[in-house]
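What follows is one structure encoded as structure tokens, with my remarks underneath.
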Amino acid sequence: MDTSHTTKSCVLILLVALLCAERAQGLQCYECYGVPIETSCPAVTCRASDGFCIAQNIELIEDSQRRKLKTRQCLSFCPAGVPIRDPNIRERTSCCSEDLCNAAVPTAGSTWTMAGVLLFSLSSVVLQTLL
């Protein structure tokens, strides 16, 4: 009976250690910036402070031509936004917090302003520069 209790305790401790070790490795997200929509983005391990994977798709309409770009990255926050008022720009951003969850923007994703997108992109660059 004492051996059974010891075995169960060891299994429980091992399970907790494995769960903690997996999270200590950090969230994994896809990462690329302003690339054509069909481009594959590599997977990266985020910093411990980054708890969200961000997926952003932008469609620019210039002279009746459409360009579709995407950004994928790790961030420490999920950016909030305001609807875009420019009819030549369509943008969708989503955030999630599971490994490699930012492969695509969900169809029901939120709409953000270009100003909000630029602000969060700029802030991530500034943070990376400072760190």
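Think of each number as a place in line: the chain as shown, counted from 1.
Keep in mind that glycine also has a Cβ here, set from the backbone N, Cα and C atoms.
Taken straight from Swiss-Prot:
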- C29-C53: disulfide bond (DISULFID)
- C32-C41: disulfide bond (DISULFID)
- C46-C74: disulfide bond (DISULFID)
- C78-C95: disulfide bond (DISULFID)
- C96-C101: disulfide bond (DISULFID)
- 27-115: domain 'UPAR/Ly6' (DOMAIN)
- G109: GPI-anchor amidated glycine (LIPID)
- 1-26: signal peptide (SIGNAL)
DSSP-derived helix, strand and coil totals, residue by residue, for the domain 'UPAR/Ly6' (27-115): 2 helix, 43 strand, 44 coil
Model confidence over the domain 'UPAR/Ly6' (27-115) (mean pLDDT, whole number): 88
C78 (disulfide bond) versus C41 (disulfide bond) - Cα distance in angstrom: 20
Nearest of the disulfide-bonded residues (C29, C32, C95, C96) to C46 (disulfide bond) - Cα to Cα: C29
Disulfide-bonded residues (C29, C95, C96), the one with most neighbouring Cβ atoms at 10 Å: C29
Integer Cα-Cα distance in angstrom, C32 (disulfide bond) to C74 (disulfide bond): 10
Residue, out of the disulfide-bonded residues C41, C46, C53, C78, whose Cβ gathers the largest set of other Cβ atoms within 10 Å: C53
C32 (disulfide bond): tally of other CB atoms within 10 A of its CB: 16
